[in-house]
């Protein structure tokens, strides 16, 4: 009898795996604020999803062809590994791999890069919404007030008309997440936020996609998964076949597919990206055979867009900030000469996938390029970010006429090293800044922003441990002269900006400081943050009526283009 019990127990272990709890990855949350009732929930640290008591779910393991089966029990997620097989139906979107538990109907989707969610239905690369945002499936989660959106699966939304537990939630973009959506075809994406003891709906601060200078403004964002435009020609000029063409009966993606409407397929020949490819495409009849080609659809302008989070902590010289508020900010490090490791050198600005702008004076010691390293997506100067991207430097270019005495022509370019034609991948934490038009002239005293990891004040012994932002105003050229800067040389390649607040305590005026060099001075233009200056030099930090001096970017657009051509 004992032997039989042991055998049965061993069999259970082999089939199901050992059950365990992981309190470090799951959070026991007690939602007890205002009118909300006491609820026990579990938060899955791997997927960042929340579950109610007795809910169960699957999550993929990093190793092997197995997944974990988990359930919420008393605020803790209990999990064990289970064997899986390929799903009988293709439940996953965007090329996700479907795995079904061997002894149940539960399944899990292993998503390709750039997608997430239970069914890989969330496009992590989408940075803005088109039209009303009904098809928006990005990851923006901040309301216009700055409040964080509530999870659509929250128990407090059970009686709301739109929640993640609706039968058609997936089709509406709702689910176990807190990302902005527009399920009711309102004027723009929105979400629920908790205010004054109750959940209310509020429009999101998600940026609208800019119209490109095309005849019809038709463009795609990310990889074009949500593209629902009307373009119907490929890059070679071929006309697309209708998705219900008789020639496509043997193809996977057609107007007859069960989820065709959700994929944008139908009785038309408009370009689409139903399989999560690199960009919109279509079927074409070419050279007497059926094939497919990428479409001639331009990509929407996404530079200068951000998920701005209102700073919560005021410090000397500025405000602590999150990298998603300044996703073009780069941190440049250099190898130590006499000891292992590397040290922070300067700030930088991402202007394209493989190019970073900075200040020439940062590289006066002519470091070998392989001694430099560029970090993108980092909120804390010395702590890796969740979506951080790291690059070695292939080469850097200092302006030939840089004057190390006056800091005239204080501009440099760093070329990031990559094995492919692209380097930085766009995300909420990493994005390019818009370069200005050569004719850009902003009004005097326009409020702009700068960011960096520099010192809080000139007497500080250390650089800031966290990214900071500062709000300054553009000085008129008549106030940006040697006379106003203690006879220091000021050239036409420079501009001035500073904190113009008056009265009260002036010891906390916003300004750049040592360590911020090479970072961005950006201003809003046509709903996009646009690079106006590069942090160059100043007389002290945060002194009343003494502006900081910046490299005037409009004077170097030709130089930038000439040096970044392939």
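Glycine is no exception: its Cβ is also placed from the backbone N, Cα and C atoms.
Residues annotated as signal peptide in Swiss-Prot, with similarity to another entry given as evidence: 1-21.
Residues or ranges marked as domain 'Fibronectin type-I' in Swiss-Prot (evidence: sequence analysis): 40-82.
Per Swiss-Prot, disulfide bond is recorded for 42-72 (among others).
Averaged over the region 'Important for binding to annexin A2' (43-53), the predicted model reaches a pLDDT of 71. Per Swiss-Prot, region 'Important for binding to annexin A2' is recorded for 43-53, and the stated evidence type is similarity to another entry.
For residue 87 (disulfide bond), the count of additional Cβ atoms within 10 Å of its Cβ stands at 16 [all protein chains shown]. Taken from Swiss-Prot, the feature disulfide bond covers 87-98 (among others), and the record attributes it to similarity to another entry.
Summarising the annotation, Swiss-Prot assigns disulfide bond to 92-109 (among others) and lists similarity to another entry as the type of evidence. Long-range Cβ contacts of residue 92 (disulfide bond) within its own chain (separation 6+, distance under 8 Å): 98, 109, 110, 111, 119, 120.
According to Swiss-Prot, the disulfide bond annotation covers 111-120 (among others), on the basis of similarity to another entry. In the shown protein chains, 22 other C-beta atoms lie within 10 A of the C-beta of residue 120 (disulfide bond).
Taken from Swiss-Prot, the feature disulfide bond covers 128-209 (among others). A coil conformation is recorded for residue 128 (disulfide bond) in the three-state DSSP classification, outside any helix or strand.
Taking the Cβ of residue 149 (disulfide bond) as reference, residues of its chain lying under 8 Å away and at least six apart in sequence are, in sequence order, 141, 142, 143, 178, 179, 180, 191, 192, 193, 204. According to DSSP, residue 149 (disulfide bond) sits in a coil region rather than a helix or strand. The disulfide bond feature in Swiss-Prot is assigned to 149-191 (among others).
Secondary structure from DSSP puts residue 180 (disulfide bond) in coil. According to Swiss-Prot, the disulfide bond annotation covers 180-204 (among others), on the basis of similarity to another entry.
Summarising the annotation, Swiss-Prot assigns domain 'Kringle 2' to 219-300 and lists sequence analysis as the type of evidence.
Positions annotated as disulfide bond by Swiss-Prot, on the basis of similarity to another entry: 240-282 (among others). Taken residue by residue with DSSP, residue 282 (disulfide bond) is part of a strand. Taking all protein chains in view, 25 other C-beta atoms sit within 10 angstroms of the C-beta of residue 282 (disulfide bond).
Feature annotation from Swiss-Prot assigns disulfide bond to 271-295 (among others); the stated evidence is similarity to another entry. DSSP assigns residue 271 (disulfide bond) to coil in the three-state reduction, placing it in neither a helix nor a strand. In the structure as shown, the Cβ atom of residue 271 (disulfide bond) sits within 10 Å of 27 other Cβ atoms.
Taken from Swiss-Prot, the feature disulfide bond applies to 354-423 (among others), supported by similarity to another entry. Within the same chain, residues at least 6 positions away in sequence whose Cβ sits under 8 Å from that of residue 423 (disulfide bond) are 353, 354, 391, 416, 417. Under the DSSP three-state reduction, residue 423 (disulfide bond) is assigned to coil, being neither helix nor strand.
According to Swiss-Prot, the disulfide bond annotation covers 448-523 (among others), on the basis of similarity to another entry. Under DSSP, residue 448 (disulfide bond) is assigned to a strand (E or B) in the three-state scheme.
Under the heading disulfide bond, Swiss-Prot lists 513-541 (among others), citing similarity to another entry as support.
Here the disulfide-bonded residues are 209, 513, 541, and the one with the most other Cβ atoms within 10 Å of its Cβ is 513. Here the CA atom of residue 42 (disulfide bond) lies 47 Å from the CA atom of residue 541 (disulfide bond).
Here the C-alpha separation of residue 87 (disulfide bond) and residue 295 (disulfide bond) works out to 32 Å. Measuring Cα to Cα from residue 240 (disulfide bond), the disulfide-bonded residues that fall within 10 Å are 295, out of 72, 209, 295, 448, 523. Cβ-based neighbour count (10 Å, all protein chains) for residue 204 (disulfide bond) stands at 24. When the Cα atoms are compared, residue 42 (disulfide bond) and residue 128 (disulfide bond) turn out to be 31 Å apart.
Counting other Cβ atoms within 10 Å of each Cβ, the disulfide-bonded residues 72, 98, 180, 240 show the lowest value at 98.
Between the CA atoms of residue 271 (disulfide bond) and residue 72 (disulfide bond) there is a gap of 43 Å.
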